[in-house]
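Asker: Below is one structure. I have some questions about it.
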Amino acid sequence: MSDKPESSKTQLEGDIIDPFFQKDFLSQLPEEVAYRIIAFLTPCDLTPPFTLTGHMGGVWTSQVSDDGKYIVGGSTDGTVLVWCGQTGVQRHVLQGHRGSVTCISLQGTTLVSGSTDQTLRVWDIVDGKCLHILTGHLEEVRCVQFDGIRVVVWNVHTEECLHTLTGHTERVVSLLFDPKRNLVVSGSEDKTMRVWDLRRGTCIAILRSGDRRYYDMQLRGTILVACYVDWGVGVWDIRDGGSFIHRLHDSLDQHSINCLQVHSGLIIANSDNDKKLRVWNVDDAQLAFTLNGHMGHVLTSQVSDDGKYIASGSTDRTVRVWCGQTGAQRRVLQGHTGGVTCISLHGTTLVSGSCDGMLRVWDIVDGKCLHILTGHLGEVCCVQFDGVRVVSGADDCTVKVWNVQTGECLQTLTGHTYPVYSLLFEPERDLVVSASETICVWDVRRGTCIAILRHHGIRCSDMQLRGNSLVACYTDSDVGVWDIRDGE
């Protein structure tokens, strides 16, 4: 066993092997032993290993799937790359993180990635889609573990696992996080929603939905409102282990819900294929009243801050105003020549936007039109109103700022290349946030764009701004969290 292979054979094998096995276990063995192992290898065993290329930055983390079919790598370039485990061919580039990908965890074909952008993303590595974005961390995510059925809570400062929340028997697909109360609500393909106390790491409620699939949740106090596919709206009490209160009577079971609002003990909703709104009492989940009158589909609705009024806009080109306590119709506001796509109510003054490219300012008490704001060259898609200034976004790719008293256009903000579908307005800071193929943050005093937030061209459907943190919901089911100060 001590004889060394012939020198010519050794040289040939060395020439072939050395460049590829510098980090292989063979290089750690005594030379004599290593060459004897090589001498018994077949030519196919000597096939050079492949190199996985594609990342534009340093690779921080990698993992091979249990079955060896996939190799996954995370990089400082903010992407996760998926390669074929047999050939090294790149399968997918998973994009979305706004910082370096620091950690990954792969279970089957579902992968969770953590990033310095303070989010985790859940991916399907077969089709390359981002299934969910998990937010709540206040610092970069340094570590993640995922087995498909557990929720794991980490302290990112100490890298300590605080809790592993076990109980689900199928994949966890949705999370709500209430940091003020240390509550997490998780939804799973096992048809349950679980409510967790993060201080103790215990499940305090299990909400079972039978065979129904849900697609949205809202938590208000101890009441959880869940929207189901082809079943309508269900109301749950998360106290005392959780209990199903009621499915909302006459609950739009054949249609998806277009607008869901919870306000002053009432749930207001309409479907995307309906001409009326329904209002339920949260306490007993009974239908309080139905708002009938529109001759076309309801596109938009809003409840006044004091709950006295409910206003809605429709494809029938009208805005209707109802009593918030009784549902009695108060006014029909007519004048638009196209469908009413958006409204914004402040006190008793309402601004409506329409497919006719105009905005109208109304007094909802007497029903009079106070001003007509003209200037947009396309359908008005969204509007915000603070009582003094009106901000509108339109199909013409512009955002306009108006003086509601005079009807004068104060600013026209240009830069978007696609229609502006969603707006936020913070009058105290003179900030406007507009969403299209990108999200732009504007200083309306100077009329300048101070930040551009990009999300690979997906339309933003809703946004919320808290301080400098912007949360945006996208039509591909993503939820993005941004810092508007630096665009990250």
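Glycine is treated like the rest: Cβ placed from N, Cα and C.
Where the annotation comes from TrEMBL, it is an automatic prediction and has not been curated.
The following feature annotations were taken from TrEMBL:
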REPEAT    52-83  repeat 'WD'
REPEAT    94-133  repeat 'WD'
REPEAT    165-206  repeat 'WD'
REPEAT    291-322  repeat 'WD'
REPEAT    333-372  repeat 'WD'
REPEAT    373-412  repeat 'WD'
REPEAT    413-452  repeat 'WD'
Asker: Please indicate, using numbers and ranges, the residues of the same chain that are 6 or more beyond the repeat 'WD' (52-83) and have a C-beta under 8 Å from a C-beta there.
Answerer: 89-95, 97-106, 108-109, 111, 113, 115, 117, 123, 125, 128
Asker: Given a Cβ distance threshold of under 8 angstroms, which distant residues of the chain, six or more beyond its ends, lie next to the repeat 'WD' (373-412)?
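Answerer: Same-chain contacts beyond the ends: 338, 341-347, 349-361, 418-425, 427, 432, 434, 436, 440, 442, 444, 447.
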Asker: From the DSSP assignment alone, can you count helix, strand and coil residues within the repeat 'WD' (52-83)?
Answerer: 0 helix, 16 strand, 16 coil
